[in-house]
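Down below is the structure, laid out as structure tokens.
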């Protein structure tokens, strides 16, 4: 209940400014956090192993960068978020409306690191075509979408969601188990999340986060029925500790149900 009340004050535009504009979204060096996240995603999806009909993105927030490398490998992408303001922000971008957040620097960077010489506009168009549904979700319910996803997704992606809406580690594990029901057996899960973070800011909202260590991520995946395939960690450099959160680092995990 306290988490829900806090998120009533969540400002998507403030969140985007804090995390997806410079200094954090600096593409001049692979040492910065956003290029690191995009490379992790690009390399993992480039293997071609994670593919199929449907990818579900759990807790999309107001962002689409996490879907850029994934969109080449799925017929349909289902974005989800608890907050209507985030779903509206995603819808504005998907429809190409004036005033939507400008993700073109991210798309251009992903096209560059994927190295296929593709015009970035083509990738943008493809993601918009495949982002067919933007649904409400509550990861703390055993049926996060309110009903089973049929057919179940071939892959699940979630970036900076579960630890940011869980009051403790046990809740984090339960939420991971709940969203795992949306995934078919043998399906892949790709997770990005915060390490050592206790809060973040989004306009007037100061949101609590359950602080996770690398060992917590490993244990939670195992407890939720996933086999860990890869885990990478990034230490947040002093220059990117801007006061909008107290994050120590970022984890990237690839696991299989």
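Numbering starts at 1 and runs along the chain as it is shown here.
The backbone N, Cα and C atoms fix where each Cβ goes, and this holds for glycine too.
All TrEMBL annotations are machine predictions without curation.
Feature list (source: TrEMBL):
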- 15, 20, 59, 60, 65, 81, 86, 138, 139: S-adenosyl-L-methionine binding site (BINDING)
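Shown here: features listed in TrEMBL, placed on the structure.
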residue: 15; record: S-adenosyl-L-methionine binding site; Cβ within 10 Å: 23
residue: 59; record: S-adenosyl-L-methionine binding site; Cβ within 10 Å: 24
residue: 65; record: S-adenosyl-L-methionine binding site; Cβ within 10 Å: 19
residue: 86; record: S-adenosyl-L-methionine binding site; Cβ within 10 Å: 23
residue: 139; record: S-adenosyl-L-methionine binding site; Cβ within 10 Å: 24
